[in-house]
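Novice: Sharing a structure, written as structure tokens. Questions coming.
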Amino acid sequence: MKLFFRYVNSRVWSQAGSSHFNKALAKGPKTTTWIWSLHADAHDFQQSSSESTAASVGAKVFSSGLAHFSIVFFWLGGMHFHGAYFSNYSAWLKDPKTPGSQLVWSLVGQDILNQDLGGYFQSIRVTSGFFQLWRAEGIVTQVHLKYAAAAALIGSIATLWAAYFHMHISWSSSLRTMGSLSSYNAGQLAILAGLGSISWAGHQIHIALPINRLLDSGVDPSQLPSPQDLLFKDLMQVIFPGFGVGPAVDFSIYLNQKGAASEVGLNPSTGSIYLGQIASHHFFVGITCIISGIIALLVKRSKAGSFQDAAAFNNSWHSRLSINLAIAGSLSITFAHHIYAMPVYPFCGSDYATVLSLFVHHMWIGGFFIVGAGAHASIFMIRDEGVPAGIPSAKGRLYSVNSIIQQLLAHRDIIMGHLIYVTIALGMHAFGIYIHNDTLQALGRPEDIFSDNSIQLKPLFAVWVQSLPSLFLLNTLSGDAAVTGIPGFGLEVLDGKVVTMTQELGTADFMVHHIHAFTIHCTLLILMKGVLYSRSSRLVSDKLELGFRYPCDGPGRGGTCQISPWDHVFLGVFWMYNSLSIVIFHFFWKMQSDVWGVYDVSTQKIVHLTGGDFSVNSITINGWLRNFLWSQAAEVIQSYGSGLSGYGLIFLGAHFTWAFSLMFLWSGRGYWQELIESILWAHHKLKIVPNIQPRALSITQGRAVGLVHYMLGGIGTTWAFFLARVVALSIS
């Protein structure tokens with residue numbers, strides 16, 4: 001108990017502590033350089049800590065993970081708290097069209113942001129997808145949301161305390177466990193993930209599925225049974241006739257109910273995949289993970305060939321993190337495309353603002369994760385891997401001659417040469433087609449441009465891939481059912497709004513997809529170059545001694561700068577931004593043009609939001625500027641004085657933030673040196689000398705500041721532009 005109160009006080013919590021930072025950081029802020037060093041090194045437990053044993057680093061990694069969980073719990077608690085006290089969730093369950101849970105208080109007129117969402121409720125329109133998620137979970141009252149908010153808050157406090165406890169208080173046995181990466185065995189984690197997936201399937205089957213079945217049949221949410229009532233067999237037999245015979249029979253009843261795994265297509269009541277399919281998915285994913293984990297634990301890997309890398313990967317935090325980030329990022333991007341192709345949440349597919357927000361959000365997450373994978377792969381190559389030909393490295397590890405890493409480094413020039421060739425070929429041809437179209441259209445020769453009405457470029461391979469699901473089901477379904485029964489094929493309408501439909505692919509899609517290929521390959525080129533040449537290059541053979549980040553390589557080498565692995569990550573983020581900007585722009589315009597819209601029953605025609613203009617106008621660069629960026633920015637530019645004015649202010653402020661970044665990205669260190677010295681001279685002249693001495697930004701620090709503001713400004717601008725447009729269209 002005495003040990004507990006020794007550490008639970010504000011003095012210890014606010015103290016930097018020599019065991020958590022190196023000597024320079026532990027001294028506190030003497031100059032402004034300390035601030036930048038803190039940003040750069042606070043989470044670099046291997047380098048910034050005075051105690052950097054494997055055990056202490058493991059404890060800090062574990063603690064930071066718990067702290068992250070605390071933030072996630074706090075965020076979830078906030079979402080559920082707002083849903084419980086400030087939302088129209090109960091009304092939304094009866095008429096699921098315009099969710100809102102962010103009531104703005106009037107201080108100097110901010111209440112103009114509260115839009116009329118129906119049912120005498122005014123709020124900001126939310127597009128997070130939480131209402132649809134809660135409905136899928138089986139939450140039907142705002143009291144349930146209060147319970148969830150309280151549970152999330154308890155979880156946040158518990159994980160925050162656990163993070164602090166593991167960071168400051170430790171035992172030798174636990175440190176040894178955390179220092180060993182075998183504690184985070186992939187097989188064990190797979191089994192845990194499988195158990196979690198099956199647990200979630202159990203919740204869906206026993207709670208969510210019965211409640212959603214009653215909601216779909218028109219039962220008022222206030223008349224629904226409580227979740228604990230569903231644990232009794234009598235009520236379940238009313239909802240699912242024949243229930244209660246035995247586990248095997250019960251499971252088959254769930255699967256054979258309308259809307260379970262034997263059905264294809266979307267639930268006509270909700271415009272989403274049947275919940276029974278989703279429960280089956282989680283159940284079988286869980287089984288697969290458990291079997292895979294058991295196999296991974298039982299099978300002893302061979303020591304020959306590629307598995308000689310096992311020691312390097314198993315003993316490196318950065319290699320594990322790099323692989324996990326790449327996988328998680330790829331899964332996030334995959335989920336982004338599932339949101340519109342196969343909507344899994346009730347009433348989400350017809351809520352265009354939510355679909356757009358979730359797509360863009362998960363695309364950005366995936367992009368940043370993948371760039372992070374490149375960053376930590378570079379750090380792994382520098383800190384955790386040895387040198388070629390079996391020579392011991394400074395870290396004391398050996399490099400296997402026949403390993404995958406050795407093979408990659410031996411062939412890195414060939415790999416990069418091919419990547420460079422592919423990138424240049426894609427870029428020249430893809431942009432060349434656009435420039436050709438702009439030029440000939442400007443010269444009044446529309447018959448000579450690439451378009452569906454003149455010189456066609458048909459995406460034959462894409463159309464074939466698009467048809468594969470329907471071809472796969474031809475053996476089980478007959479006639480049109482093979483096509484219309486699959487989400488994304490045929491037409492799915494909910495309350496007069498198009499949820500999914502077949503996308504016509506033509507010349508415009510062929511052109512923009514090659515731009516996607518170019519930008520993705522360019523991003524990969526930069527990140528791969530940073531990884532493969534992180535230890536040495538032709539100009540700088542001793543990169544390994546310079547570390548992960550350094551501004552230039554020193555005198556006598558021709559002034560080669562921007563060659564560090566950090567600089568490759570820096571440039572990779574920009575190209576990732578380019579890649580994803582084109583992806584989300586393409587998605588937003590394509591969906592407005594060819595998918596989203598209103599189905600007119602009398603004429604049996606779809607009135608799309610932009611009238612199918614994508615194939616006509618997106619084949620020129622001028623069309624992207626005129627018909628997409630300028631034309632569709634009308635809502636955000638003209639938002640002042642309306643409920644969308646908040647997006648107008650964000651649009652303006654984010655532009656300023658983006659422009660501010662250019663001052664850091666286009667100026668050298670000399671500019672900052674002169675500026676700081678001038679300001680210092682003025683302060684000394686006036687005898688106003690700060691305690692924390694100003695220092696000019698280094699080259700790397702300036703680039704980092706510019707990068708952060710560029711990303712914040714660009715993403716903020718895009719966010720305001722998209723949401724102002726889609727919310728205005730949704731409400732109107």
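Yeah, the Cβs are placed from backbone N, Cα and C, and that goes for glycine too.
Features from Swiss-Prot:
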| type | residues | note |
| --- | --- | --- |
| BINDING | CYS552, CYS561 | [4Fe-4S] cluster binding site |
| BINDING | HIS655 | chlorophyll a' binding site |
| BINDING | MET663, TYR671 | chlorophyll a binding site |
| BINDING | TRP672 | phylloquinone binding site |
| TRANSMEM | 61-84 | transmembrane segment |
| TRANSMEM | 145-168 | transmembrane segment |
| TRANSMEM | 185-209 | transmembrane segment |
| TRANSMEM | 278-296 | transmembrane segment |
| TRANSMEM | 317-340 | transmembrane segment |
| TRANSMEM | 356-382 | transmembrane segment |
| TRANSMEM | 414-436 | transmembrane segment |
| TRANSMEM | 510-528 | transmembrane segment |
| TRANSMEM | 568-589 | transmembrane segment |
| TRANSMEM | 644-666 | transmembrane segment |
| TRANSMEM | 704-724 | transmembrane segment |
Novice: Six or more residues beyond either end and a Cβ under 8 Å away: which residues meet both conditions relative to the transmembrane segment (644-666)?
Specialist: 112-113, 124, 635-637, 697, 702-703, 705-710, 712-717, 719-721, 723-724, 727-728
Novice: Between the transmembrane segment (317-340) and the stretches 61-84, 185-209, 356-382, 414-436, 568-589, work out which stretch tops the count of Cβ pairs under 8 Å.
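Specialist: Comparing 61-84, 185-209, 356-382, 414-436, 568-589: 356-382 has the most Cβ pairs near the transmembrane segment (317-340).
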Novice: Mind telling me which of the binding-site residues CYS552, CYS561, MET663 has the densest Cβ neighbourhood, counting other Cβ atoms within 10 Å?
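Specialist: Going through CYS552, CYS561, MET663 one by one, the largest Cβ count within 10 Å is at CYS552.
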Novice: Between the stretches 61-84, 145-168, 356-382, 414-436, 568-589, which wins on the count of C-beta pairs under 8 angstroms to the transmembrane segment (510-528)?
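Specialist: Stretch with the highest Cβ contact count: 414-436.
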Novice: Take a look at 145-168, 278-296, 356-382, 414-436, 568-589 and tell me which one has the most Cβ pairs under 8 Å to the transmembrane segment (185-209).
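Specialist: Ranked by Cβ pairs under 8 Å, first place goes to 278-296.
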Novice: Once the chains shown are all counted, how many other Cβ atoms turn up within 10 Å of the Cβ of TYR671 (chlorophyll a binding site)?
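Specialist: 15, counting other Cβ atoms within 10 Å of TYR671 (chlorophyll a binding site).
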Novice: Looking at the binding-site residues listed here (CYS552, CYS561, HIS655, TRP672), whose Cα lies nearest to that of MET663 (chlorophyll a binding site)?
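Specialist: For MET663 (chlorophyll a binding site), the spatially nearest of the binding-site residues is TRP672.
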Novice: Go through HIS655, TRP672, the listed binding-site residues, and name the one with the sparsest Cβ surroundings, counting other Cβ atoms within 10 Å.
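Specialist: The binding-site residues HIS655, TRP672 were compared, and HIS655 has the fewest Cβ atoms within 10 Å.
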Novice: Can you name the binding-site residues among HIS655, TYR671, TRP672 whose CA is within 10 A of the CA of CYS561 ([4Fe-4S] cluster binding site)?
Specialist: none
Novice: Indicate whether MET663 (chlorophyll a binding site) is helix, strand or coil by DSSP.
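Specialist: For MET663 (chlorophyll a binding site) - judged by DSSP and reduced to three states - the answer is helix.
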Novice: How far is it from HIS655 (chlorophyll a' binding site) to CYS552 ([4Fe-4S] cluster binding site), counting Cα to Cα, in Å?
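Specialist: Counting only the Cα atoms, the answer is 31 Å.
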Novice: If one measures from the C-alpha of TRP672 (phylloquinone binding site) to the C-alpha of CYS552 ([4Fe-4S] cluster binding site), what distance in angstrom results, rounded to a whole number?
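Specialist: With the alpha carbons as reference points, the distance is 17 Å.
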Novice: What Cα-Cα separation, expressed in whole Å, is found between CYS552 ([4Fe-4S] cluster binding site) and TYR671 (chlorophyll a binding site)?
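Specialist: Between the Cα atoms of CYS552 ([4Fe-4S] cluster binding site) and TYR671 (chlorophyll a binding site), the distance comes to 17 Å.
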Novice: State the three-class DSSP label for CYS561 ([4Fe-4S] cluster binding site), counting H, G and I as helix, E and B as strand, and everything else as coil.
Specialist: strand
